[in-house]
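As given in TrEMBL:
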- C34, H38, C56, C59: Zn(2+) binding site (BINDING)
- 64-82: compositional bias 'Basic and acidic residues' (COMPBIAS)
- 1-22: region 'Disordered' (REGION)
- 62-82: region 'Disordered' (REGION)
Amino acid sequence: MADRSLRGSGLGAKSFEDETGVEFAPRQEIGYDCPNQHHFALTFAEEAEIPALWECPRCGAESLRSDGERPEAKDEKPARTHWDMLRERRSIAELEDLLKERLDLLRSGALGPNYLSSHSAKSA
């Protein structure tokens, strides 16, 4: 069995091919500055779209490009509240009518704690 094993080679991606004549793709090195004073550089292909932000490998903070290019500002939609969604479905006049109707039911005793307790006693 020992005569079948490869000697001098290990597992992994080690290539025994010679690098003569190999031409690498054009590339560029881009520097990034972290807000915690860390600086690092990454290598990208020349035709690659270079991100304006990159996570710092030392502390994980968002780092900006050293050449001064800033990320585009995103148009953020404001958060919709329950009131906003309700106003999409009903007008103020409809809401006032609904409120008046519910208040009348409460005042007449058709709704409310007394109504709930009397109905649960009848069903039991």
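Heads up, the Cβ atoms here are built off N, Cα and C, so glycines get one too.
Bear in mind that the values here come from a model prediction, so they are computed numbers and not experimental data.
Locations of recorded TrEMBL features on the structure.
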{"residue": "C34", "record": "Zn(2+) binding site", "CB count, 10 Å": "19"}
{"residue": "H38", "record": "Zn(2+) binding site", "CB count, 10 Å": "14"}
{"residue": "C56", "record": "Zn(2+) binding site", "CB count, 10 Å": "17"}
{"residue": "C59", "record": "Zn(2+) binding site", "CB count, 10 Å": "12"}
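For the recorded Zn(2+) site, residues C34, H38, C56, C59 set the reference point as the centre of their Cβ atoms, and the other residues of that chain within 8 Å of it by Cβ are P35, N36, Q37, F40, P57, R58, G60, A61, S63. Per DSSP, the compositional bias 'Basic and acidic residues' (64-82) is made up of 1 helix, 2 strand, 16 coil.
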